[in-house]
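Scroll down for the structure; my scribbles are underneath it.
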Amino acid sequence: MVQLPAMKRVKGRAPLSVVVAIIGGLALAGIIFTEDLRGLTEVKEKVTDKEKKRTSLRTVMRTSALLSADQPPPPAVLSVEPATATPPPAPKMAFNATRCSVTDGYWAYDRSKKLPYTDQTCPYVDRQDSCQRNGRPDSDYLYWDWHLDDCLLPRFDPVSMLEKLRGKRIMFVGDSLQLGQWLSFVCLVNSAVPDTPGAKSMERSRTLSVYTVKEYNASIEFYWAPFLVESNSDRNIALGAGGRVLHVDAIEEHGKHWRRADILVFDSYVWWMTGYRIKSVWGSFGDDGYEELDAWVAYRLGLKTWANWVDSNVDPATTRVFFMSISTTHMRSEDWGREGGIRCYNETWPITQRGYRGSGSDRRMMEVMSDVLGRMRTPVTLLNITQLTEHRVDAHVSVYTETGGLLVTDEEKTDPQRYTDCIHWCIPGVPDTWNRLLYAHL
């Protein structure tokens, strides 16, 4: 019997099932290792990014510290995103009467501004308004300009203004505030007129005053009519407020002087605001009795009489008509936070709060004014000076004025409660800005 030789076992060789299991295990381990490695790599990248940001932040902080110490920055390139540049403010457009708001603006101080005149160089400024000549010690109030938010308000150009007035009459009509605007206008124009004999002339009277410039055949006039309608105090100015009687439906005695003017500039407000009810009559002053009306009721009647006269007598093709809004008074220092103050006395700086409104302008009267003007057939431009005057508590004549025709004395100045005038304005001063608005509209 032949025996077959025995088979030899090969070392290290495993059964196929074992091999397959081992290979599968190795593959799974490889996958797990790869995922772990990827995770470790991502963490490392995140840490690296954070470190980069920290490094950049530290670099910026060091640079800021160096800059604040007035030292040059290190020569390193900062790894930060560029800052977004702030766009420059939009350029203001040239003044356009229909698109520009004269009430949206602010007062800016400019000590370098050259004054076109002073109360010493212009011989026509009344003593009542000559603050510097009357001894006012400060002058900052002279160097503020009204800037519009969106538009450029042009400077008053006296030569250009005279060209506009060549062969024409401009007449200012109203009360003592309007008289101040007229004087300001005259002084602005006069700054461009030579002081040669016959080049100009001035005639003053209680009712009508006329400044003429011969070369331009231009006439700049003022007519006194504080209520616009007729009253028993038109000529008797010294008559007390309680004794005034208005003829609310009569105006022709005044109106006959306004005809044939090329430009009419009206104002009427402060004389209505005495605190008294307005004694009003219809028909002749000789009639017995009168009716006492609230100021705003009488004001509406008077303005309607004026509006009817304008609509009946003014040709819009040949005459421009303007109406000045309320010139603000400053009678309550509490309005602007000056507790214990005496009205505008010793105020040397404007109120800078945007849109400030105090108690010195009656809104109901303003509404009456706007309503009457809005119903007229004749185009009338309302020059809204109310907001810009609200801020100028510093620019009134205060105690540097006259009262009863006499200059306030040094002794009287020690009693500001009695002698401070916070209605009228120093000239030069705020009325020059009113005339800038007028010039811009012309």
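Positions of Cβ are set from backbone N, Cα and C atoms, glycine also.
The feature topological domain 'Cytoplasmic' is assigned by Swiss-Prot to 1-13, with a curator's inference given as support. Marked as transmembrane segment by Swiss-Prot on the basis of sequence analysis: 14-34. What Swiss-Prot records for 35-442 is topological domain 'Lumenal'. Swiss-Prot lists Asn96, Asn217, Asn346, Asn384 with the feature N-linked glycosylation site. Taken from Swiss-Prot, the feature disulfide bond covers Cys100-Cys151, Cys122-Cys187, Cys131-Cys426, Cys344-Cys422, and the record attributes it to similarity to another entry. The feature active site, nucleophile is assigned by Swiss-Prot to Ser176. Taken from Swiss-Prot, the feature active site, proton donor applies to Asp421. The motif 'DXXH motif' feature in Swiss-Prot is assigned to 421-424. According to Swiss-Prot, the feature active site, proton acceptor maps to His424.
Shown on the structure are the features that Swiss-Prot records.
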{"residue": "Cys100", "record": "disulfide bond", "DSSP (3 states)": "coil"}
{"residue": "Cys131", "record": "disulfide bond", "DSSP (3 states)": "coil"}
{"residue": "Cys151", "record": "disulfide bond", "DSSP (3 states)": "strand"}
{"residue": "Ser176", "record": "active site, nucleophile", "DSSP (3 states)": "helix"}
{"residue": "Cys187", "record": "disulfide bond", "DSSP (3 states)": "helix"}
{"residue": "Asn346", "record": "N-linked glycosylation site", "DSSP (3 states)": "coil"}
{"residue": "Asn384", "record": "N-linked glycosylation site", "DSSP (3 states)": "coil"}
{"residue": "Asp421", "record": "active site, proton donor", "DSSP (3 states)": "strand"}
{"residue": "Cys426", "record": "disulfide bond", "DSSP (3 states)": "coil"}
Spatial neighbours, same chain, of Cys187 (disulfide bond) - Cβ under 8 Å, 6+ residues apart: Pro116, Tyr117, Cys122, Tyr124, Val125, Ile427, Pro428
C-beta crowding around His424 (active site, proton acceptor), within 10 angstroms: 23
Those recorded positions, out of Asn96, Cys151, Ser176, Asn217, that come within 10 angstroms of His424 (active site, proton acceptor) at the Cα: Ser176
Nearest recorded site to Asn217 (N-linked glycosylation site) by CA-CA distance, among recorded positions Cys100, Cys344, Asn384, Cys422: Asn384
List of residues, in chain order, with Cβ under 8 A from that of Cys131 (disulfide bond) and at least 6 apart: Asp119, Val397, Ser398, Tyr400, Thr401, Cys426, Ile427, Gly429
For the topological domain 'Lumenal' (35-442), mean pLDDT (0 to 100): 88
Nearest of the recorded positions (Cys100, Cys344, Asn346, Asn384, Asp421) to Ser176 (active site, nucleophile) - Cα to Cα: Asp421
